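All remarks here apply to the structure that follows.
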Amino acid sequence: MSDYRAEFVEFAVASQVLCFGEFKTKAGRLSPYFFNAGLFNDGEKLKRLGEFYAKAIVDSGIAFDVMFGPAYKGIPLAASIVIALAGMGRNVPFAFNRKEAKDHGEGGTVVGAPLQGRVLIVDDVISAGTSVRESVDLIRASDATPAGVVIALDRMERGQGDKSAVQEVREQYDIPVVAVVTLDNLVEFLERDANRRTELQAVANYRENYGV
């Protein structure tokens with residue numbers, strides 16, 4: 001895998017953001033791993049996280065004009081990514097939304113740069129796709145165009161039907177979804193460590209049942 005992808009998996013494990021064991025998902029499945037982006041919770045981790053996202057965005061070649069971080073998790077993500085991109089020589093405006101509209105001051109639900117041109121949505125993962133749907137609606141209501149979505153991890157896992165949430169977003173909105181890492185990269189990480197054979201087998205079994 002690309003060097004930054006391998007580094008990101010190791011970074012997530014070291015930060016205890018990515019854990020292996022037995023975890024119950026919202027869908028009631030027993031997953032052999034858990035990804036909790038909320039534990040990227042200090043300055044150094046957030047700085048590195050933004051850099052990994054920025055590398056994935058540049059690597060993808062996706063064209064966009066504005067970065068949008070949906071409340072709440074997307075807000076620090078968007079800020080850290082545009083700072084990282086600025087360090088790479090690209091200055092990108094960013095915006096985020098409030099959960100509730102403000103009726104004083106600048107008002108409205110969108111804070112930061114105007115949503116115009118091609119807008120790239122950032123999130124940690126795509127589960128049900130609710131956050132993406134709300135973001136797409138908000139962007140289109142501003143007469144802007146959704147350019148795509150960038151996430152930290154693609155679990156490559158079926159939802160209620162035969163497709164993953166990521167596949168559904170790609171097809172429903174006809175936009176690319178860029179992931180810093182996918183389940184494939186997690187598997188490669190486990191394969192390199194002889195002490196993680198049990199975890200590797202658990203992931204393989206889970207993937208056989210729920211993978212896409």
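In case you wondered, yes, glycine gets a Cβ from its N, Cα and C as well.
Keep in mind that what you see is a predicted model, and the values were worked out from it rather than measured.
Feature annotations, reproduced from Swiss-Prot:
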- Lys26, 72-73, 98-99, Lys102, His104, 123-131: 5-phospho-alpha-D-ribose 1-diphosphate binding site (BINDING)
- Phe34, Phe35, Ser127, Arg155: orotate binding site (BINDING)
Separation of alpha carbons, Phe35 (orotate binding site) and Lys26 (5-phospho-alpha-D-ribose 1-diphosphate binding site) (Å): 13
Alpha-carbon spacing, Ile126 (5-phospho-alpha-D-ribose 1-diphosphate binding site) to Arg155 (orotate binding site), which is rounded to whole Å: 9
Where Asp124 (5-phospho-alpha-D-ribose 1-diphosphate binding site) sits in the secondary structure, as DSSP reduces it to three classes: coil
Euclidean distance between Cα atoms of Arg155 (orotate binding site) and Asp124 (5-phospho-alpha-D-ribose 1-diphosphate binding site), Å: 11
Beyond the site residues Phe34, Phe35, Ser127, Arg155: chain residues whose C-beta lies within 8 Å of the centroid, for orotate: Thr25, Ser31, Tyr33, Val125, Leu153
Secondary structure at Phe34 (orotate binding site), reduced by DSSP to three states: strand
